[in-house]
Amino acid sequence: MTAVQPQSHTQETETRADLPSGSETDAVEAGTTATRATRGRSRIPWRFLGGRAVFYLFTLWAAITINFFLPRMMKGDAVTQYLSRNRNVSPEAADALRSLLGLDTDKSLWQQYVDYWALLLRGDLGVSLLHGLRPVTEVIGQSLPWTIGLVGFATIVSFAIGTIGGAIVGWRRGSRLDALIPITTFLSTIPYFWLGLLAIALFSVNLGWFPIGKAYGVGMSPEFSPEFIGQVVHHGTLPAATIIIASLGGWMLGMRNMMLTVLDEDYVMVAEAKGMPRKRVLWGYAARNAVLPQIQSFALSIGFIVGGTIVMEMVFSYPGVGKLLLDATNAKDYALMQGVFLVITLSVLLANLLADVAYAFLDPRTRQTEA
Amino acid sequence: MNDTLLSIRDFSVVYDVDPAVQAVRNVTLELRRGEILGLAGESGCGKTTLAYGVQRLLKAPAVITNGSVVFHDASGDDIDVNALDADEMRRFRWDKISMVFQGAMNSLNPVATIGSQLEDVFEVHRPGLTRSERREAVVELLEIVKVGAQRYRSFPHELSGGMRQRVMIAMALALRPQLMVMDEPTTALDVLVQREILKQISALRHEFGFSVIFITHDLPLLLEISDRIAIMRNGEIVELDTAERIWTDPQDDYTKTLLSSFPRLTGEKGMVLR
Amino acid sequence: MDTIVTDRTNDRATARPAGVPATATIRTAEQPSGKRTHDRPAFRSKLGSAFAMFRNGKSIAGLSILGFFVLVAIFADVLAPYSPTAVDHTARFQPPSAEHWLGTTHIGEDVLSQVIHGTRGVIVVGFLAAIIATLIAIVVGVMSGYLRGWRSESLSALTNVFLVIPALPLIIIVASMFEDPPLAVVAGVLGLIGWAWGARVLRAQTMSLRNRDFIQAARANGEPLRRIITVEMLPNLMALIAASFVGTVTAAILALTTLSYIGVIPVTTYNWGTILNWAGAQGAFRQNQWWWYLPPGLCIAAIGVALSLINFGIDEYVNPRLRSAGERARAMKKKGMNVNDTVTVVRPTATPSNPNEETP
């Protein structure tokens, strides 16, 4: 995200062109940066977003290529054995699997690569041997909503609480709130999975408040009934709470540090000199600026968040893509593993893009139309 | 209407650190209505502390340890600035005394438009105005300082340094204050733009009649534009006189040193021969 | 990863005492680094002052805890009362007692010994992975920051790709391809995937350093690139490199224990994660055998805290605003001043207040 440095090197001194001495020139007519900006300026930062989109496409290509090479770097026997153990595969599916898993060594590398891409663009990720030969895309499609629901919800809540909390702690320097920082930071150094296990041990086994695992009760099938939704919420509380508590510390610390830096800025002092009420200075001037690097770091940490959720799903037996990946790994269902990796990567890139869009709208400096 | 706008008596400010620093010592000063007073001196002499201190804009560990500051409002009230509480101070600020800060580069909130930053002054201090009245007032301000109403929706990074400084001046003018404190308003700009800004300030002063406290280390500049000049050193005023007399007949040795330290266009270094 | 090192570090040259308005200090165009003079002091003393970051309280506390664990790792054989694999069928699932301070496992192994021996794997992998990752980060980051043009851009793109691709799934897939990887291989994989964050931070800082006067002077003097980077730039980057290293150790340890717990890394190795794996598999959580599952987790947390403390210490050194902010505010509170007040306090006294005096 190096493209996103806010422009701080604007001109230090005025250019001569701006004001010929003695005359009352309308500054708009002189050749300043602002001139071109005001004429037909679009408020959507196409340039910035376009650059980001190009980057993500490139990363996607890189991820797919890595995925292509990974099985081909492995010892081929494992995969061949695996395939030979499962005879019930249809010929087309077997072909697809061979291509995905790097077994079609009879073709040239380039040809393998092209075929691989052809498969992907068709949406064919092979069949899952672990799940009764169902298409990988279908298997993933079932699990993905659960993960997105859990991660999405927990992350947004954690980010919100952490950022708002960090803003307040930074604003009130030296107050007792400062103690929150080491506490929440300590909580984030505890490994996710251990926190989850402890939570289960305490709240499920001992106190019996929450069920031990899974997303909904045994024997229920997904539907949009209040009862089912109630079960989902009940089952999801513990995993979500664990993620939120574990990741809160990072957001809070980052925001608090940014606030401390921003509070020394000139425009905050100007706001206070203008007689702005304190709340306005805090939220409108200080926090509004401090949150920008937060969003950048949010985008970057999406990869880590996903990692944490994978583990969480295993601890709580939550039926998301993380658990899918782990089960596939243990069963050596290579096609499913690769498929999940690709889907996860794609989601992370999309989330990054969304975060970039949010950033672009929040920081007007990205809309500079001048190079 | 009282001719004096601001009465400062025995004003002292201390920075309560280890060891404590006395930044302003027993300064007594009367600022007249409509006058431009220059505050000159080297860095660290206390001129900024004094100017910020009389508006109580200094942050801890600065403490006002002595003296009184009385603001003689145009309405006839005498306001004891040191006695105001936080809320009264907030209302007093910008309405009676406003400031133009040094280095407008970073003085504007980078994520808000120029227009909204000018408007929020009205929102807070003139709650009676409707939205369109506020907008009109802001547009008027932008025209006065010749930034142009089209800039209403611009962001600070889209403006050049001189324009930003003019926006700051517009902002300071918004509530038609009776005193404007200007802290090195032109130091970061090049000379041509300096000239324009100074002319603008003079013109505005003639039109609106506010007093100005002009802080700078640039003594020749003050000699040109001020009515009176106060030379400060080590927290005290060593000389206070009209600009003319400071130039022609400086009394204090320090003043003489200051005057002679500015390079001359012609001739040798040292005191100019008159 | 919790430490966000911003580019504002360069502002410390204009640091001014709290409450003093900007014009009280001279603003010059040049921003000399806070502790260096314009002539070039010896490399040694530069390095010495670069390590000043470790001298504050937080860093020292963190380093002590870390040192403790390192010692345990080195002297594991001597410290552990039993061999970790010593099976004792008569003492299964025992809670802590005099003979077994942390109780026993499902087949009578001593938990304490297992935890002690587990330290070795954690420390070795953590540091090794961090060393590998930091070396790569330095090379890629500093080069891409110093060079210009397509070389810099392509290195930066490479860094960003590794940054965005989700690490854990990738590591899971790569690790699953090995049958029984030795610790070094595990460390290598972690290091090869985790260098990106440090590289990015170093790139940003190198880019800003490149434009500083002393670098321009060195180049004008004809100093070879090698020397410019090692002698001029690296000491200035030490704080960032240290912070990045510490952060990577934390991440590597967390990754290792997580992967071990999941079972992706085979359970023949000893580390705290595998202990938790066995504990989980034997139902220790459901059976409240807290002596088995609490200590490994607490050890992970303890090391995490130690590393965070070190990072805090470095952070405060790099950005002085963070350091004094809280302490200054509290010190001023004792004198009756609130640093968050927007209005100057009026406290009429005859003389400047004595800092030792308690204000009423």
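Any Cβ shown, glycine's included, is placed from N, Cα and C.
TrEMBL labels come from automatic prediction, so no person has curated them.
Residues or ranges marked as domain 'ABC transmembrane type-1' by TrEMBL: C:123-311. Annotation comment: TrEMBL describes C:60-80, C:122-143, C:155-177, C:183-202, C:237-262, C:290-314 as transmembrane segment.
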Completion exercise
Counting only residues at least 6 beyond its ends, the same-chain positions whose CB falls under 8 A of a CB in the transmembrane segment (C:183-202) are 1, 5, 121, 124-125, 128-134, 136-138, 140-142, 144-145, 159-160, 162-163, 167, 170-171, 174-175, 237, 240-241, 243-245, 247-248, 251-252, 255-256, 265, 269
Problem - Range from C:60-80, C:155-177, C:237-262, C:290-314 with the greatest count of C-beta pairs under 8 A to the transmembrane segment (C:122-143) - result: C:237-262
Exercise for the section: State, in range form, which of C:60-80, C:155-177, C:290-314 has the highest count of Cβ pairs under 8 Å to the transmembrane segment (C:237-262). Expected result: C:290-314
Exercise for the section: State the non-local partners of the transmembrane segment (C:60-80) in its own chain: residues 6+ outside its ends, Cβ under 8 Å from one of its Cβ atoms. Expected result: 54, 110, 112-113, 116-117, 119-120, 122-124, 299, 302-303, 305-313
Completion exercise
Outside the transmembrane segment (C:155-177), at least 6 residues beyond either end, the same-chain residues with a Cβ under 8 Å of its Cβ set are 140-141, 143-144, 147, 186, 189-190, 193-197, 199-200, 203, 255, 258-259, 262, 264-265
